[in-house]
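Annotated domain 'Zinc finger LSD1-type' per TrEMBL: 38-62, 77-101, 115-139, in sequence order.
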Amino acid sequence: MPVPLAPYPTPPATPLAPAYTPPSPANGSTGGQSQLVCSGCRNLLMYPVGATSVCCAVCNAVTAVPPPGTEMAQLVCGGCHTLLMYIRGATSVQCSCCHTVNLALEANQVAHVNCGSCKMLLMYQYGARSVKCAVCSFITSVGVNISYLHKKGKHGF
């Protein structure tokens, strides 16, 4: 007849280290670090707050850090769809990848419409009569508010 075996003793519980909680971002910085886009290869670089320039570990390009308190903005290049970062208030931004000059418009200077073909959300400057989709190249006419034109004394397009 087989002899029942006693269960293995339970090892003593070891205290676990507290779970890591990443610091919450404040003003684009994370716990004494901030980030910017490499001027060479367009990778996102993290750097300690207070640095004046950052050397990319991938392409060795040196990117200048904007002065503290400088507000940054982003846009997607209309030529190659690369994310570009620039100092808020600039009127145009040249892409370092494809050299396309992109208009940098403030939020109150732009409007949105869905592409008439692929339904992609498009952004265009107020006053434009049409917008060309960067995805499918379809040209979408932008509706003009007729009541606005009548108030201004204009009766046509």
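In case you wondered, yes, glycine gets a Cβ from its N, Cα and C as well.
Caution: TrEMBL annotation is automatic and unverified by curators.
As the structure is a computational prediction, the values presented were derived from the model and not from experiment.
Long-range contacts of the domain 'Zinc finger LSD1-type' (115-139) within its own chain (CB-CB distance under 8 A, at least 6 residues past either end) are made by residues 78, 81, 103, 105, 109, 157. Averaged across the domain 'Zinc finger LSD1-type' (115-139), the predicted model reaches a pLDDT of 88. Residues of the domain 'Zinc finger LSD1-type' (115-139) grouped by DSSP class, helix first, strand second and coil last, total 0 helix, 9 strand, 16 coil.
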